[in-house]
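Engineer: Let me begin by handing over the structure; questions about it come next.
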Amino acid sequence: MEAAAEPGHLAGIRHIILVLSGKGGVGKSTISTELALALRHAGKKVGILDVDLCGPSIPRMFRAQGRAVHQCDSGWVPVFVDQEQSISLMSVGFLLEKPDEAVVWRGPKKNALIKQFVSDVAWGQLDYLVVDTPPGTSDEHMATVEALRPYSPLGALVVTTPQAVSVGDVRRELTFCRKTGLRVIGVVENMSGFVCPHCAECTSVFSRGGGEELARHAGVPFLGERIGAAPSSLYSGWSDLRLPTVPEGEKNGSSWLLSSSSSSSRTGSVPLDPQLTRSLEEGQDFIQEFPKSPAFPALFSIAQKILNETPAQLS
């Protein structure tokens, strides 16, 4: 019989989501960041736990490099992104003396820090904790899953890119989820084509459809479907969404938000987008700044499906 979780710093967190992939460079930190921002715009309080100890990207993506982690009576205080404290962060990147310092640790030391992150960070009350993980199925993943298991994580988002070399590695990540009893919320296909900003034609730079095929064979949800016929339905549940004001003369409502996406794009298949890349490099809020981007509907759809997983428990 599985032991019940002792009351601790995760007791105030409603839902825990792991972002996984067997392949490096597929955009796990990008998906983690944009998911957190989208959930924040839906009125939720979100934390991001960055357990990629050798390649922490989260501080840079939120423009929080150089911020310090402080101690309080109850443990470590996470770094808050905004004055409202709607997004909080914890990463080994905040603990390094120099930003280019390498973390050259063996497995036991990595595992100990991950367990300390889980037990000692004073997150407070959160609707969601998003856990950004390194690639693979190594010690860090086992330590993370075991440390979080008593708190019954909602499940995992598994990120891939369309090409076969990535899909093959991500298939092993799905096997890891099955062996550890971690439920797969769905597969996200990142870098799924490039939408021309001039003609809106989508070019499949890295092949196409690999994530959808992977999900079908594994029997897990693919967070994507065709949009275009009735795009407004995508945002029907976002009554409290704090979106930018629609510019005068533009289309109204969600049809304006989707006006730059092609009718053949799949929500959950996130296209290559220079605006998304730039916003991550500069620590901008992509969801707020670029609602007409081709990547916007895909990222919002992923967040909507996360919300749909837990409709009765949201604040």
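Even glycines carry a Cβ here, placed using N, Cα and C.
Feature annotation from TrEMBL assigns ATP binding site to Gly22, Lys23, Gly24, Gly25, Val26, Gly27, Lys28, Ser29. Per TrEMBL, the feature [4Fe-4S] cluster binding site maps to Cys196, Cys199. Annotated region 'Disordered' per TrEMBL: 250-274, in sequence order. The feature compositional bias 'Low complexity' is assigned by TrEMBL to 254-265.
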Engineer: Cα-Cα, whole number of Å: Gly24 (ATP binding site) versus Cys199 ([4Fe-4S] cluster binding site)?
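Structural biologist: On Cα coordinates alone, these residues lie 32 Å apart.
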Engineer: Around Gly25 (ATP binding site), how many other CB atoms lie within 10 A of its CB?
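Structural biologist: The answer is 12.
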Engineer: In sequence order, which residues at least six apart in the same chain have a CB under 8 Å from the CB of Gly27 (ATP binding site)?
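Structural biologist: Expected: Val159, Thr161, Asn190, Met191, Val270.
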Engineer: So among the binding-site residues Val26, Cys196, who's got the most Cβ atoms within 10 Å?
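Structural biologist: When each Cβ's neighbours within 10 Å are tallied, Val26 leads.
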Engineer: Fewest neighbouring Cβ atoms within 10 Å: which of the binding-site residues Lys23, Lys28?
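Structural biologist: If we count Cβ atoms within 10 Å for the binding-site residues Lys23, Lys28, the smallest count is at Lys23.
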Engineer: Cα-Cα, whole number of Å: Lys23 (ATP binding site) versus Cys196 ([4Fe-4S] cluster binding site)?
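Structural biologist: So the alpha carbons of Lys23 (ATP binding site) and Cys196 ([4Fe-4S] cluster binding site) sit roughly 27 Å from each other.
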Engineer: Within 8 Å of the Cβ centroid of the ATP site residues Gly22, Lys23, Gly24, Gly25, Val26, Gly27, Lys28, Ser29, which other residues of the same chain have their Cβ?
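Structural biologist: Other same-chain residues with Cβ inside the cutoff are Ser21, Pro135, Val159, Thr161, Asn190.
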